[in-house]
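Shown next, in structure tokens, is the structure this report addresses.
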Amino acid sequence: MNNGRIVRINGPLVVADNMKNAQMYEVVEVGEPRLIGEITRIEGDRAFIQVYEDTSGIKPNEPVYRTGAPLSIELGPGLIGKIFDGLQRPLDSIKELTKSPFIARGIKVPSVDRKTKWHFIPKVKKGDKIEGGDIIGIVNETPLVEHRILVPPYVHGTLKEIVAEGDYTVEDPIAVVDMNGDEVPIKLMQRWPVRIPRPFREKLEPTEPLLTGTRVLDTIFPIAKGGTAAIPGPFGSGKTVTLQSLAKWSAAKIVIYVGCGERGNEMTDELRQFPSLKDPWTGRPLLERTILVANTSNMPVAAREASIYVGITMAEYFRDQGYDTLLVADSTSRWAEALRDLGGRMEEMPAEEGFPSYLPSRLAEYYERAGRVKTVGKPERFGSVTVASAVSPPGGDFTEPVTSQTLRFVKVFWPLDVSLAQARHYPAINWLQGFSAYVDLVANWWNTNVDPKWREMRDMMVRTLIREDELRQIVRLVGPESLAEKDKLVLETARLIKEAFLKQNAYDDIDAFSSPQKQARVMRLIYLFNTHASRLVERGIPTKKIVDSMGQLLPEIIRSKAAIKNDELNKYDELERKLISVFENLEKEAGT
């Protein structure tokens, strides 16, 4: 395989000649430090290479070494709880090797530790017919995750050998498959190219909600397992905290958090918090189900693209094991900016705001890899990849290309409103601009498993919030006193919805996570208040009198979100009794 020669260097873009027979997206090693790069365009025998490391000090005429392979990552036991850079190099191994807090250029570190021995338990026997995706054994990687060892997708045949139960490294052959006369060894670890989606048998309709513990996300704009969501918002509106809450509390089996081009101190916060946090679903440390990819803003821009693909490929791998995985990316705007930067250096024709014309197709490729699927292989199993990505529009302008193109491909839109953030309403998700295409799909799950009136209560809350916005303009002009009594009740119910339900403190031990049952109990209180109060207003009782009769009950309902724990829901029975008692007294008065 002939090596190339550098002819031009422009930041992260390197042009090399003598690259005859090179392949698109082939990985190359650039210059004497052997920096990792990827071929993104070929013209004759010239190759345009985006380099994933700092190119300072590289000179023309230095060699470019070809590898003949696409950008691939290692998949196997040892991923969970690890912190990787954008090229899947473990940061702790780099620090041990370099004795420095900085990532040295051209450093080669295995992604999965070669020395650790894992206890392998075989699940198949010699002579079995196997195909790609079959589970041939398990490794208990952490107390939360049973790592299922899969046959690589394109391997099939008769199992010629399988090792006995015991301890093995990721490079030890654990099985041999007779594939059309060839002996193919299978190890605990496999490699997969990041740009190629992993195969599955069938894509399924997402019908089960991914519970996040955040009330506005679970109830007003729910996301299903296998769904796609975007969180756009200007600086300071709470994107990172919302995504961190998703990563911490969501009901996914595996969470992959990709910090793509965001500030280093935000990733540092993550790395400090995660080891001490407990998973609310199991009580175990959160790191036992989490993988972190740290690719901060001071790292080379080209590596942002790699980090997004590395994250989604790892998510697909755990999906194929039959797990529900969540990929959190913060933020895709930084990836799009990297595409714009590289497109400009490659002298491509720019589209809107300088972004490349292929931006929509790249975003589509990324979001299409989400979904709930029936996996290949035996035994039959189902898995999902849910994608939630932040978008950082400059100045909060949702019409800019990245946000507007993202909206074409996602089914859930959680827009953050800076005016809500300034009013200290968190999460600052605008309930008028947001949407979810999964409400109808997940309503049956909520009605069956949580509360049969869930859909009715949710729709009442949404209608009230929309009506309150319509009335706000009138209130600004002539004040609330000029409104009809039923409209005054709308304002009061909307205030209760916002204060008792939509507002949530991500830093409060009790309020940070609301179970589905707790959410339904709060909704039920609001629904009862609105239903009974509407009847009384129709009978001529003023809204003010109803609110005054409540005394401290409404503030008590508002405080309950941070006062009543998820396992103390019987306390809501007392609040319900008090509420109904007040309305019974008012009805007696109205009847006399």
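Placement of Cβ uses the backbone N, Cα and C atoms for every residue, glycine included.
Now, the feature entries from Swiss-Prot:
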type	residues	note
BINDING	Gly233, Pro234, Phe235, Gly236, Ser237, Gly238, Lys239, Thr240	ATP binding site
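Here the features listed in Swiss-Prot are placed on the structure.
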residue	record	contacts (Cβ under 8 Å, 6+ apart)
Gly233	ATP binding site	Lys239, Ala390, Val391, Ser392, Pro393, Gly396, Pro415, Leu416, Asp417, Val418, Ala428
Pro234	ATP binding site	Ser392, Pro393, Pro394, Gly395, Gly396, Leu416, Val418
Phe235	ATP binding site	Ser392
Gly236	ATP binding site	Val418, Ala421
Ser237	ATP binding site	Gly396, Leu416, Asp417, Val418, Leu420, Ala421, Ala428
Gly238	ATP binding site	Leu416, Ala421, Tyr426, Pro427, Ala428
Thr240	ATP binding site	Glu262, Glu266, Asp330, Ala390
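The Cβ centroid of Gly233, Pro234, Phe235, Gly236, Ser237, Gly238, Lys239, Thr240 marks the ATP site; residues of that chain outside this set whose Cβ lies within 8 Å of it are Ser392, Leu416, Val418, Ala421, Ala428, given in sequence order.
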